Amino acid sequence: MQSRISLSTYALIGTMLFGMFFGAGNLIFPIQLGQLAGTNFWLALAGFLVTAIGLPFLGILAIGLSGSNGVRELSNRVHPVFGFLFSLFLYLTIGPFFAIPRTATVPFAVGIEPYVGDGHIALFLAIFSFLFFLLVYYFSLNPAKIMDVIGKYLTPAFLLFLFLLIIISLVRPMGSFQEPQGTYLNNAFMTGFKEGYNTMDALASLAFGIVVINAIKAKGISDVKSIAKTTWKSGIFAMLLMMLIYGFITYMGSSSVQAVGMFENGGLIFAAVAKHYFGSFGGILLAIIIVLACLKTSIGLITSCSEFFHEAFPKISYKSFVFILCAVSFLFANLGLNKIIQFAVPVLMFLYPLAIVLIVLALVSPLFKGKQSVYLMAMVLTFFVSILDGYQALVKSMPEAKLMFFDQIGAFYENILPFYDLGLGWILPALVGAVIGYFIHK
C-alpha cells in the first residue's frame, strides 16, 4: 500500500475525473439555462451545479467506499432483480436511447443546422448521423488509435477554443441580462437543480466510477479510506474547474439574448455566439472540434454499454451489440435534439431520485451495517414517488398521456409530501423507508 500520496497523483486522478464528466454535449444545458434564467442565473447555476457536479462526485465516492465493481453490484444491495433492471434502464438512458444519440445531434445543431433551410434539416440530420455512427461503429471495434489522437490533441483544442470564447465574452459582453423566463422567475434554484439531471452525469458516475477507482488502486492505494481521501482531494480540482467553466458558460448565455436572440436549444445558442464573435469561420471551427469531441464520447459510451450488455446477455457477441447500439442510436438521433431532450426528461425524473437514494445509502452504509432491508424499503417508497415525477414530466410534453388515476395519486402526494411541488417529494418517503427497513431487520 502506498503510504504517501503525491501531488502529481492527485492531479492525474483529478484530470481523469474532469475528462470523465466534462463533455461537449453537456455544454448545451448551462448556456440555455443562462438565457432562460436571465438576472436569476446565479441561483439557477447553484442548483445546476448540485446535480451536474456534486452528485456525480458523490457517485464516484459511493462506488469507492462501497467496494462495488459497478452499478449492478451496488444496486444488487437492494435486490438482484432491482439490480438488473436498474442497471439496464441506466445503461439504456446513458446509452442508445438518449446520451449516445445526443452526441450526434449536438454537433449537428452547432455546425450544420444553422446553415440549412428548415425544409432540409431532417435530410441533412439523417446523412450526418449515418456518417457519424458509421465512424463510431468502426472505431468502437478498433478504438485505441482514434481515442489516443482525440484525447491528446482534439480535446485540448476544444478546451482552448472554449476558453477563448469565454474570455472574449467576458471582455466584450454581448449585452445585459434579460428577465427570467418561466419557472426561472420564481423558482430558479430548483429549476436549475432539475436541469442538471439532463447532463446524466450522476447516472454515468455509477456506471463508470469503477474506472476511476481502479486507476486509484493502480497507483498502489488499496484501503477504502485512502481511496476515499484520494477521490475527495482529486475531485476538488475537477469540481472547481467544472464549476468555473459551467459558471462562465451560464454567464455567456445570460448576456447573449440581446445580441443573438433566443433559441430552442443550447446547440443553436453556441453556434450563434461563436458566429457573433468569430464570424462564420469561427462557427464552423467550433462545429468541427465539437464533432470530434462528441465522437470520442460516443465511442466511449458505445464500448462501455456494449460490454455491459454482452456481460448481461453473453450469447450475443460484443461486436453484435456495437452494431445494435449504433443502429438504435442512429434512429433516436433522427428525432432531433429537441425531441431527445423532451423524451429524456420524464425518464430522468424517474431515475434520478432512485440513483440519489442509492448513492446516499451507499455513502452512509456503515451507519446501518449495510442491511439489505434498509436499501429495499427506502427504494420501494422512493419508487412510488419517482414514478409519479416521471409521469408528470411526461404529461407536460405529451398531454395525451394524461391518466386520471395518476393525477389523483399526484394530488394526494401534493397534499401530504413536503417539497413535492419542487420535485423533491421522494425525500421523506426515502427516509421513512430507511427507518422502517432498519427496524424490520433489527
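Any Cβ shown, glycine's included, is placed from N, Cα and C.
The shown structure was predicted, so the numbers you read here are calculated from the model rather than taken from an experiment.
Features reported for this protein in TrEMBL:
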- 7-29: transmembrane segment (TRANSMEM)
- 41-66: transmembrane segment (TRANSMEM)
- 78-100: transmembrane segment (TRANSMEM)
- 120-141: transmembrane segment (TRANSMEM)
- 153-171: transmembrane segment (TRANSMEM)
- 197-216: transmembrane segment (TRANSMEM)
- 236-257: transmembrane segment (TRANSMEM)
- 277-295: transmembrane segment (TRANSMEM)
- 316-337: transmembrane segment (TRANSMEM)
- 343-367: transmembrane segment (TRANSMEM)
- 374-394: transmembrane segment (TRANSMEM)
- 422-440: transmembrane segment (TRANSMEM)
Query - Stretch contact, the transmembrane segment (343-367) with the transmembrane segment (422-440), Cβ-Cβ under 8 Å, 3+ pairs - result: yes
Query - Positions whose Cβ lies under 8 angstroms from the transmembrane segment (374-394), at least six residues beyond its ends - result: 77-79, 82, 345-347, 349-354, 357-358, 361, 368, 401, 403, 406, 409-410, 413, 417, 420, 423, 425-426, 429-434, 436-438, 440-441
Report task. Would you mind listing the long-range same-chain contacts of the transmembrane segment (7-29), meaning Cβ under 8 Å and 6+ residues beyond its ends? Result -> 48, 52-53, 56-57, 60, 99, 102-103, 106-107, 109, 151, 155, 158, 162, 195-196, 198-199, 201, 204-205, 208, 211-212, 215-216, 219, 221, 230-231, 233-238, 241-242, 245, 249, 265-267, 269-270, 289-290, 293-294, 297, 337
Query - Same-chain residues at least 6 beyond the ends of the transmembrane segment (236-257) whose Cβ lies under 8 Å from its Cβ atoms - result: 10-11, 14-15, 17-18, 21-22, 27, 30-35, 37-39, 41, 44-45, 48-49, 52-54, 57, 162, 165-166, 169-170, 173-178, 266, 269, 272-273, 276
Query - Listed stretch, out of 120-141, 197-216, 277-295, that has the most CB pairs under 8 angstroms to the transmembrane segment (316-337) - result: 120-141
Query raised in the report: Do the transmembrane segment (41-66) and the transmembrane segment (197-216) come together with 3 or more C-beta pairs under 8 Å, pairs six or more apart in sequence?
Result: yes
Query raised in the report: Which bits of the chain, at least 6 residues beyond where the transmembrane segment (120-141) starts or stops, bring a Cβ under 8 A of a Cβ in it?
Result: 101, 103-105, 107-108, 112-113, 147, 291, 295, 298-299, 302-303, 306, 319, 322-323, 326-327, 329-330, 333-334, 336
Report task. Mind checking which residues of the chain, 6+ beyond the ends of the transmembrane segment (78-100), have their Cβ under 8 Å from one of its Cβ atoms? Result -> 25, 71-72, 200, 203-204, 206-207, 298, 301-302, 305, 308-309, 312, 324-325, 328-329, 332, 340, 343-344, 347-348, 351, 354-355, 358, 372, 375-376, 379
